[in-house]
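Reading through the structure tokens given below for one structure.
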Amino acid sequence: MQPAVRKRQSDAPRSSTNPSQPGSKPKGSSMKRPQFHFDLWFYLTVQNWVLDFGRPIVMIILPLEWFPLNKPSAGDYFHMAYNVITPFLLLKLIERSPRARPRSAVYLSIITFVMGASIHLVGDSINHRLLLSGYQLHLSVRENPIIKDLKPATLIDSFELVYFYDEQLGHLMWYIPFFIILFLYFTGCFTHVKEEKTMPLSGWLLLGPSALYYWYLVTEGQIFQLFLLTFLAMVATVIHQRHKGSVPDANGLFLFASFSVTMCLVAVWVAWLWSDPVLRKKYPGHLYVPEPWSYYTLHVKDSH
């Protein structure tokens, strides 16, 4: 009996204090200590500028002979890389959230994001081929000189379907889950610790490029309504959390500040082009937000 008792006594402390036991965490470690994720924000900003904004530019710069019209272009390869790298970085961002986010919502958002971005890849590839043939972005599909006289006329319906997949369905399935993931991450970026309220210098340095990219995303993607709803939801979350005594941590401040500056940039852009008659015709309605590339084909391209 005595050896058995001694064995139980020696095993008891080992099993209760072993830190490698699944689910065993030190007291008070249920929430990760918030730190500014400079590496992830930097990677996201750089790949957004290079792989998303840079797609049409690299297609213009590189010789057409390198990428025949019946083969993928350099911009298409950029888009393929974006479709892989961006969801990976978003998942890494969610992993670092101070609070656990609902996995089902995250997984469904990532799956939908990849599907929408892939749909957009195909439609956008065809659209850029049309640009090289004289397609004008500031005109509708049926008003474009290279399309309006096509025979049979049903071909125009096919090009309108491509436009629908590219500019409408692809954008919605791409951007809605994108902003859902960012909002889910933002709702976990609140803390009671006052010293975590300030944003480090690295965050301020990334703020300008990040906000400027979101301006491009909102205007070129024609998703101002979605962006506005996300921003208002973030404002409501901040107000609600302040009543509970919580404030955004450094990552939450960075995301909120980026969106705030983006709102100002969009307002300046709309005010500048408010009276443009051609763009007004293509983008009717009260929520008038013209696309930068439409402005380029209308006012910049032909002037050179």
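Numbers here mean position along the shown chain, with the first residue as 1.
Just so you know, glycine gets a Cβ as well, placed from its N, Cα and C.
TrEMBL labels come from automatic prediction, so no person has curated them.
TrEMBL has this to say about the protein:
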- 1-31: region 'Disordered' (REGION)
- 19-31: compositional bias 'Low complexity' (COMPBIAS)
- 40-62: transmembrane segment (TRANSMEM)
- 77-94: transmembrane segment (TRANSMEM)
- 106-123: transmembrane segment (TRANSMEM)
- 172-191: transmembrane segment (TRANSMEM)
- 198-216: transmembrane segment (TRANSMEM)
- 222-240: transmembrane segment (TRANSMEM)
- 252-274: transmembrane segment (TRANSMEM)
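Contact between the transmembrane segment (40-62) and the transmembrane segment (198-216) is supported by 3 or more Cβ pairs under 8 Å, counting only residues 6 or more apart in sequence. The transmembrane segment (222-240) shares more Cβ pairs under 8 Å with 172-191 than with any other stretch in the list 106-123, 172-191, 198-216. Under 8 Å from some Cβ of the transmembrane segment (106-123) lie the Cβ atoms of residues 76, 79-80, 82-83, 86-87, 90-91, 94, 162-163, 165-167, 169-178, 180-181, 184, all in the same chain and six or more residues away from its ends. Outside the transmembrane segment (198-216) by six or more residues, the chain places 36, 38, 41-42, 44-45, 48-49, 52-53, 227, 250, 253-254, 257-262, 265-266, 269, 292 with a CB less than 8 A from a CB of the stretch. Beyond the transmembrane segment (172-191), the same-chain residues lying 6 or more positions past its ends with a Cβ under 8 Å from any Cβ of the stretch are 34, 90, 93-94, 97-102, 105-106, 108-110, 112-113, 115-117, 119-120, 197, 217, 221, 223, 226-227, 230, 233-234, 237, 241, 246-249, 251-252, 255-256.
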